[in-house]
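Peer 1: Dropping the structure in here first, questions after.
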């Protein structure tokens, strides 16, 4: 099998596929409150295009798929998309990232269609604050979605918490306490300068050392744990005696580019080899031409930078490549 390898020796076996740029929420770090123009439906990859693309990609070593958005559960055919991917025997793992507003209703059907596990965005455990950060989200719906995911066996369940200075950094110990009784992995993620002009994002940025400081202040003893299924770049720990775990993902202060194994496919059909760079290539004209399609994918991988230099934005230093100005919802979170 010819593997998708870049010039730095990184083998790519994982792809994140955005199935929509639309979302029912407007999280402060992801989307503006208003003024967004969404893709017309005919510009969004169809189920058949996604499945056809993946039937080819598995021949080159891709074996893990994460479905993203926008909010992927807004797709009326999301169960059929999962079922189509699940019918490809080479795919070992199908996961989804969701805000969980509709997860309680759809978890069982998704599990039956072949979904393996789920990542859920949850940035506050206080209903009013959660509503403010998401601009309209209902915390109870997320909690119901988590419970349903547990019931149907979507495991491991991971909760993504974007740490936002002045908004949820006083809830760190609450999230850590959440792991004591539930076999859940809570992942604290640095606030990233994706699609944000200027330096205003720095006002909300906190280094993830804050997590360990909170542990120490609360008297929580913690220890490293082995890799969690599908853990990617997360460094994982367990508070002694807890059922669940917590992890930290620091794309800004300590990037993990040297072990990056992923590609991204946007909802409108552009392949991106690096989240943070503008370069992207349109696959749609070549869906029915396997040779040209794989040449395009390999070209994207060949052009992948050694690292994204995102940390330079912390020091206002010049970057050698042009960062992306698509928002996360437009790329695929």
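Along the chain as shown, residues are numbered 1 onward.
Glycine is no exception: its Cβ is also placed from the backbone N, Cα and C atoms.
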Peer 1: Among 97, 98, 134, which is the one Swiss-Prot gives for the GTP site where 16, 66, 158, 262, 263, 264 also bind?
Peer 2: 97
Peer 1: Cα-Cα, whole number of Å: residue 27 ([4Fe-4S] cluster 1 binding site) versus residue 260 ([4Fe-4S] cluster 2 binding site)?
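Peer 2: About 26 Å separates the two Cα atoms.
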Peer 1: Near residue 70 (S-adenosyl-L-methionine binding site), meaning Cα within 10 Å, which of 16, 23, 30, 257, 260, 262 (binding-site residues)?
Peer 2: 23, 30
Peer 1: Using only the residues recorded as binding GTP (16, 66, 97, 158, 262, 263, 264), report the maximum Cα-Cα distance in Å, whole number please.
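Peer 2: Binding-site diameter by Cα atoms for GTP: 21 Å.
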Peer 1: What are the non-local neighbours of residue 260 ([4Fe-4S] cluster 2 binding site), defined as same-chain residues 6+ apart in sequence with CB under 8 A from its CB?
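Peer 2: Counting only residues 6 or more apart in sequence, the Cβ neighbours of residue 260 ([4Fe-4S] cluster 2 binding site) under 8 Å are 10, 274.
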